[in-house]
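These notes are about the structure you will find just below.
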Amino acid sequence: TPWPGNNTRDHPGMIQVFLGHSGGHDVEGNELPRLVYVSREKRPGFSHHKKAGAMNALIRVSAVLTNAPFMLNLDCDHHINNSKAVREAICFLMDPQIGKKVCYVQFPQRFDGIDTHDRYANRNTVFFDINMKGLDGIQGPVYVGTGCVFKRQALYGYDPPKGPKRPKMETCDCCPCFGRRKKKNAKNGAGGEGMDNNDKELLMSHMNFEKKFGQSAIFVTSTLMEEGGVPPSSSPAALLKEAIHVISCGYEDKTEWGLELGWIYGSITEDILTGFKMHCRGWRSIYCMPKRAAFKGSAPINLSDRLNQVLRWALSSVEIFFSRHSPMLYGYKEGKLKWLERFAYVNTTIYPFTSLALVAYCCLPAICLLTDKFIMPEISTFASLFFIGLFLSIFSTGILELRWSGVSIEEWWR
């Protein structure tokens with residue numbers, strides 16, 4: 001429909017299907033992919049939750065119209081640089097061994113328009129080529145907001161499917177120290193094998209759908225279709241009408257959207273929170289680094305923009321650290337977040353506080369010169385050996401990281 005007025009902050013929800021409304025086909029007879037423009041309803045006085053709210057609206061619209069099992073998230077200043085990138089991500093998500101427990105595949109951020117010496121450290125090489133690669137060996141990298149392929153089911157707040165349980169060791173009665181005795185009265189010989197496959201259906205049958213997903217029967221039905229697709233009996237006109245409904249301002253009221261479902265509200269950087277809650281549920285993520293950069297974006301071109309960007313990230317990290325989602329306290333109940341992964345999330349939220357220590361380090365030499373007092377212990381004491389060992393371990397760790405990742409000294413200094 002035509003745009004009803006020019007007020008971008010006060011308008012109804014609109015959906016325009018550019019391609020695929022009537023099942024368009026190419027010259028070889030293959031169905032063309034759909035191209036749909038979505039503008040969610042905006043009204044004064046409503047909190048629309050910015051990017052996170054927009055992403056949640058897109059989850060619901062796409063679930064009603066196409067319901068693909070995977071979703072690619074890109075920022076508006078990013079573009080596809082590698083035509084095979086999505087295929088590589090799908091290979092991880094459909095892997096028969098680990099794919100069922102993968103919630104998203106994260107690609108590193110690469111940028112165009114950076115000067116030769118990268119004077120503003122836009123590449124973030126240490127983070128994307130060292131830290132994120134290291135997290136891939138634990139429970140997976142953190143979600144950085146763009147260049148990420150998601151499994152739709154993970155965004156709905158579901159737990160990952162349970163793997164087959166290890167068989168319990170059984171022994172005879174002669175050695176009571178090892179194993180346990182086999183139970184004689186098993187119920188019809190049936191274990192919990194069938195229960196794992198139907199856990200979701202059993203859980204959802206007792207769940208209040210409206211409280212969790214909102215008042216849309218078509219959308220709720222789509223959340224139970226793990227393989228994606230829409231019901232064949234539904235008409236395009238009915239789906240479009242329902243899609244308009246799920247992007248209305250009041251749809252998320254009294255639901256779990258932004259709290260347990262989709263992109264999480266309450267932070268400037270909703271990406272860290274969203275990935276953190278997925279990992280707390282037991283999902284793992286994958287870091288994919290193809291030789292040709294998958295996606296490229298625009299980087300800040302002056303110091304002012306770069307400092308504003310870093311300040312926004314730092315403020316958000318501090319905000320998360322003091323919120324109920326603090327990695328220090330959140331997610332201990334079920335114990336599905338690995339200890340080293342939690343440590344990495346703590347580091348992600350606590351790093352702005354290191355600026356206080358850096359200021360102190362810069363001031364201490366001047367204080368020593370002015371007061372004529374040396375703050376370090378004498379070389380003959382045990383404390384000096386402790387300090388020397390500590391600093392040597394820090395230096396050696398940094399050197400090894402640089403060697404393993406191929407980061408140059410100049411990039412590390414930036």
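Please read every residue number as a count from 1 along the shown chain.
Cβ atoms are placed via backbone N, Cα and C, with glycine included.
Among the features that TrEMBL reports, UDP-alpha-D-glucose binding site is placed at LYS50. TrEMBL lists LYS51, ASP75 with the feature Mn(2+) binding site. Taken from TrEMBL, the feature transmembrane segment covers 350-370, 382-404.
Location within the structure of each feature annotated in TrEMBL.
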| residue | record | contacts (Cβ under 8 Å, 6+ apart) |
| --- | --- | --- |
| LYS50 | UDP-alpha-D-glucose binding site | none |
| LYS51 | Mn(2+) binding site | TRP263, GLU270 |
| ASP75 | Mn(2+) binding site | GLY145, THR146, GLY297 |
